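Feature annotations, courtesy of TrEMBL:
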DOMAIN    2-122  domain 'Response regulatory'
MOD_RES   D52  4-aspartylphosphate
DOMAIN    141-211  domain 'HTH luxR-type'
Amino acid sequence: MRVVIAEDNVLLSSGLELLLESRGFEIAAVATDAPAFIAAVEAHRPDVTIVDVRLPPGFRDEGIRAALQARRDHPGLPILVLSQYVEQSYARRLLADTRGGIGYLLKDRVSRVAEFAEALRRVADGGTAMDPEVIAQLLAHSDPVDALTLREREVLALMAEGHDNATIAKRLFITDNAVHKHIGNVFLKLELSVEDSGHRRVLAVLAYLRRHGIPAAP
């Protein structure tokens, strides 16, 4: 069974290679960034892929966005997300694909090699493998705005009031870079893609207004 791994941590990817090869898997390629992963999938047509959510260069959502793209390019491509984070919006998009072959496990909760190998085989066979913590978080947050942290909600509320980044930074006593980071996380959690870059701020505000039952201005 051929596997393509997308993981920028060399120690982790090397460990995965050794463990999976000892269980009979063939590691076709190890990619350390999203473009390399897309190219590896195209070149090797693996039976299953293992993808980290956050990959270079931005270490935000490049990995899981690449996984979704690969699945669009190769319908039904089995994908096992292995990450430290629960990215709820993307997890929902993965699970919405009824063709199966989807898994989402948390790195710090994978403790048994045999169980991980079995989960990988199950995903490769078209099944699912979901960490209970991922499921719990998905059930707890039906509205993507609910997934925002308190600080991210504060930033979004000030955006809804029409403030620019510099003003938001002053109001919250944080740096401009911190505001930029929080806004990026808001866009990510509200599933506002790079393609929507010209309108993401407006769309985020509209999501906030809908969440609070405030009608948008005509």
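Quick reminder: no glycine exception, Cβ is built from N, Cα and C everywhere.
Note that TrEMBL annotation is computational and uncurated.
The helix, strand and coil residue counts that DSSP assigns across the domain 'HTH luxR-type' (141-211) are 52 helix, 0 strand, 19 coil. Contacts of the residue listed as '4-aspartylphosphate' defined by a Cβ separation under 8 A and a same-chain sequence distance of 6+ are given as A6, E7, D8, N9, G63, V81, L82, S83, in order along the sequence. Confidence over the domain 'HTH luxR-type' (141-211), given as mean pLDDT on the 0 to 100 scale, stands at 82. Assigned with DSSP, the residues of the domain 'Response regulatory' (2-122) fall into helix, strand and coil as follows: 58 helix, 25 strand, 38 coil.
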